[in-house]
Amino acid sequence: MDYLSTPDQTNADPASFRVRAMDEGLDRDQLHPDPILQFQRWYEETIATRLPEPNAMALSTVDAAGQPSLRTVLLKLYDAHGFVFFTNYQSTKARQIEANNRVALLFPWVALARQVTVLGTAERIPTAESLRYFITRGRGSQLGAWTSPQSQVIRSRSLLEQKFAEIKQRFGSGEIPLPDFWGGYRVIPSSIEFWQGRDNRLHDRFVYRREAPEADWTIERLAP
């Protein structure tokens, strides 16, 4: 699958979609046996409602002391192997992943009364795959990747802007290479939960689980 872009959107109304989805609910026989394909179904329905940044997802990591950290990142690719995002490999999230690669993702489609939660392990993707995405980014974003010492303390924004100008001059009008400290992670899921809001707080929840990356998925309904 290609890296995600902003697809053509319909004039679907999030409010009316929410009402219909809450009324219809989610049944076991509606679920695709493959959770990635079930995610694709929901993701495409989310796009159709014109919900802003449907690929925004919360990423949870933990430090050496077990203290969780949480931030929003953007999903850039999903496929049979998992969910891909990109970051500075010197950032807090990356350093925590290198120490403990167990992570969680949350797609909070609250306006649609839906959410998807992913538990799994994060692994660096090959450099060639990171490069493939990097060259699709706007030039400003490419320069920004070189500029920001992500998660480090800086004295002022002006220093950041000064460095951006220096990096811009350094590369001129030439091709901007992939920084060796920047790239992607793929979250390989062991559990994916689909939550559909319902009336009276009697929500529908189904979780897919597997014991290993090549194992079959089991599907179970959870109490709300």
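Glycine is no exception: its Cβ is also placed from the backbone N, Cα and C atoms.
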According to TrEMBL, which candidate in K76, K93 joins Y133, R137, S141, R201, L202, H203 at the substrate site: K76
Per-residue Cβ crowding (10 Å cut-off), top of binding-site residues V73, L202: V73
Among R71, T72, V73, L74, L75, K76, F86, T87, K93, Q115, Q150, S151, W195, R205, the record's FMN binders - longest CA distance, Å: 36
Least surrounded among the binding-site residues, given as R71, K93, R201, when other CB atoms within 10 Å are counted: R201
